[in-house]
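A short write-up of the structure that comes next.
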Amino acid sequence: AWRVLQLGGSELDAVERGCGQCEIDQCDGSVGYGGSPDESGETTLDAMIMDGNTMEVGAVADLRRVKNAIGVARKVIEYTKHTLLVGDSASLFAVRMGFPYEDLTTQKSLSVYSKWLNQSCQPNYWKNVVPDSSKSCGPYKRPEKVTCKEEQTISQRSVHNHDTIGMVVIGGSGTVASGTSTNGAVHKIPGRVGDSPIAGAGSYADSTAGGAAATGDGDIMMRFLPSYQAVEYMRMGTDPTVACQKVISRIQKYVPKFFGAVICANTTGSYGAACNKIPGFTQFRFMVSSPLLSQPTEQVVDCI
């Protein structure tokens with residue numbers, strides 16, 4: 001992404017290229033093809049890209065059989081008047097735009113899926129269903145009588161079982177763009193869409209204030225629009241680090257044990273991040289490139 005900017009590319013070009021490289025590299029197993037199979041063993045992709053000058057957003061969710069999700073999201077901005085396309089219809093759009101159909105399943109995602117089946121489909125995302133979803137595989141259905149249990153806010157999910165590439169790009173003139181790409185939560189219920197492709201949740205960009213991007217448990221994160229909230233704090237003059245911390249603190253009040261982090265950058269190039277401290281997740285690492293640094297540098301913040 002940084003090289004694209006240095007070669008004169010736009011902020012949107014940089015976001016698309018940076019996130020797209022992560023899709024190719026299958027970053028962390030949680031971005032791009034061959035990771036996070038859903039309940040039926042299929043890998044599906046979510047992505048969004050946002051132009052902070054025009055406030056245009058392009059996004060795709062539950063994208064199937066097309067590898068370059070962020071690229072398809074960019075085409076939504078360029079060739080449609082829409083914001084978000086989903087499912088098989090998003091894939092058809094991608095093919096019209098020249099993207100090839102490709103298999104998103106790999107030996108690795110197949111082995112993750114079969115191992116999960118062999119351990120009675122644990123963990124999963126069902127609740128209040130029969131048969132008991134904590135002990136067996138489905139198909140599940142509603143019981144005759146519903147006794148609603150409290151939602152498990154920190155379940156057996158590993159804090160590394162789903163994640164996102166989130167990126168904020170600030171151009172030399174203060175122009176902001178942002179984007180995300182992910183293959184979502186591992187063993188998700190087919191059709192599930194998390195925070196990543198939702199404007200204001202997964203990321204947000206506004207060239208009059210700054211940009212932010214979120215990662216973590218998308219089902220929790222998206223309920224609070226953390227990226228939008230962080231940008232609004234920065235618009236009021238809040239330091240990026242503090243803006244990120246305020247957003248995390250807000251979610252903590254409702255879901256103390258959620259897995260999540262936010263990165264923030266304002267139009268002057270100041271940046272920061274914050275994360276929620278839970279067992280196994282006490283620090284958050286993120287990468288920074290800037291004219292002040294000779295090379296891309298990893299930064300670390302302690303979770304709050």
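The backbone N, Cα and C atoms fix where each Cβ goes, glycine too.
What you are looking at is a predicted structure, and each value in this text was computed from that prediction instead of being measured.
Copied over from TrEMBL, here are the features:
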| type | residues | note |
| --- | --- | --- |
| ACT_SITE | Thr164 | active site, nucleophile |
| BINDING | Arg192, Val193, Gly194, Asp195, Thr215, Gly216, Asp217, Gly218 | substrate binding site |
Farthest-apart CA atoms of Arg192, Val193, Gly194, Asp195, Thr215, Gly216, Asp217, Gly218, residues recorded for substrate, distance in Å: 16
Intrachain C-beta neighbours of Thr215 (substrate binding site), sequence separation six or more, cut-off 8 angstroms: Asp163, Thr164, Gly166, Gly260, Ala261, Val262
Residue among the binding-site residues Asp195, Asp217 whose Cβ has the most other Cβ atoms within 10 Å: Asp195
Residues satisfying Cβ distance under 8 Å from Val193 (substrate binding site), sequence separation of at least 6: Asp46, Ala61, Asp62, Val86, Gly184
Site of maximum Cβ density within 10 Å, from binding-site residues Gly194, Gly216, Gly218: Gly218
